[in-house]
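Q: Per Swiss-Prot, the feature disulfide bond maps to 12-63, 16-36, 22-46, 26-48. Sequence annotations record features per position, and here Swiss-Prot assigns domain 'LCN-type CS-alpha/beta' to 2-64 based on sequence analysis.
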């Protein structure tokens, strides 16, 4: 797995305010854990730890 901003099918990050929301989202997708990264590269977005390779992550390019 990898540590990354989890993305939806449109290459958009998940906006967040609280850590539990991201931890839940990340672990449901197979990650070890997750938290809300505040004021990061994509604003407030969920960051996952050890996310499986099959799950999409935010890559360069626009969020559609």
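Cβ from N, Cα, C; glycine included.
These numbers come from a predicted model, not from an experiment.
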Q: Mean pLDDT for the domain 'LCN-type CS-alpha/beta' (2-64), rounded to an integer?
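A: Mean model confidence (pLDDT) across the domain 'LCN-type CS-alpha/beta' (2-64) is 97.
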Q: Of the residues in the domain 'LCN-type CS-alpha/beta' (2-64), how many are helix, strand and coil by DSSP?
A: 10 helix, 26 strand, 27 coil
Q: List, in sequence order, those disulfide-bonded residues among 12, 36, 63 whose Cα sits within 10 Å of the Cα of residue 48 (disulfide bond).
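A: Final answer, ordered: 36.
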Q: Starting from the Cβ of residue 26 (disulfide bond), draw a 10 Å sphere and report how many other Cβ atoms land inside it.
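A: Other Cβ atoms found within 10 Å: 23.
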Q: Cα within 10 Å of residue 16 (disulfide bond): which of the disulfide-bonded residues 22, 26, 46, 63 qualify?
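A: The disulfide-bonded residues close to residue 16 (disulfide bond) (Cα within 10 Å), listed in sequence order, are 22, 46.
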